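What follows is one structure encoded as structure tokens, with my remarks underneath.
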């Protein structure tokens, strides 16, 4: 399975960086700063959940997957239960990844549209075609080494925005003073009310379970476990992935604080200068840093790197799942590495086209971060439940796995749909924004921005 698992011959550190950026997409780079801008810094606790879940995955689940050496994680479910369970969970994963990658594709197109004036759909098609071509050319080794370069670009881009932003606002002290006065610096929400946007419990405990589904059972991650030379190296890679991811998300949180300090008295969303709250970061980059040569370009490279790494990894993992779980199983055929590589490239092109079509649906969702969190809660939670049942409960059978999977899926869908129906009836807990000092504005306007209510907790 050389094209899909790199023949198990990859070094630990580059694979760790590749794993890190696979889910630190443009959703994190654009969505997290806008989330901090409207909701404050409670989201910082998510970093703790990532490290905890990575430790659990590294010591409990990852060694077992390496022992089995399955190309598709869902082969385990057939071995443990039966083929029906395998197909159901595999279909759920495939649906989730298609929608997730559509969201990832939409985010950089949004940034490109805001910063260059290009039509957003022209941007979607351009980015989608380029990324699909790039993903179909090489196998796992090419994706991993390209991800390493993209990880470097992401860090450089974020640091460039932070440094220039702090200089513009007046330094750390001034930035945090303004943000504190606006209620953005907060770490003390311990409410047990499930309607509260962010609490310590939902972020650390709920976030741990949610990110465990990514670190422990997501096909994209498991392919990287198998690609590393040793189990010890795979454990180290998981921890580096979590720590590095936490560092990057902290950088995006700092950017959100900087943006609020700059726009504290003239919010561009309330003032109708941007159409969506997720446009605020590219708008900030162009308004504040647009005259700094190279900064807008570095920012765009940063965002595109996040999306390219995620989509290329996602296409590769989806190709592996479709070939192993559906093509080989339904056709009852064995494939040579050469034939499998050819089919995976064709699948990458077809899946890339599907993702571009799904992007139209994504454009009508609310906050891209909240949309992604809700999606992962609905679909990846039940998937993880089946794996945990199989690993930790020896007496569980196929009937219990199927009943549990569909019951969990139905409950999650009920919560998700209920949240969509009632979201306008619930009081928003977003923090106030002001346009008191905008040009031509005489009165202060406070705006509570209502986002898509989150069903579950939080992922990478």
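In case you wondered, yes, glycine gets a Cβ from its N, Cα and C as well.
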Quiz prompt | 342-362, 426-446 - the range that TrEMBL marks as transmembrane segment | solution = 342-362
Self-check item: seg_contact(the transmembrane segment (12-30), the transmembrane segment (238-263)) with at least 3 CB pairs under 8 angstroms, min sep 6
Solution: yes
Quiz item: Can you find at least 3 Cβ pairs under 8 Å between the transmembrane segment (84-106) and the transmembrane segment (238-263), where each pair is 6 or more residues apart in sequence?
Solution: no
Quiz item: Taking a Cβ cut-off under 8 Å, which residues six or more beyond the ends of the transmembrane segment (42-63) line up next to it in the same chain?
Solution: 32, 35-36, 186-187, 189, 197-200, 203-212, 214-217, 225, 231, 234-235, 238-239, 241-243, 245-246, 249-250, 253, 387, 391, 457-458, 460
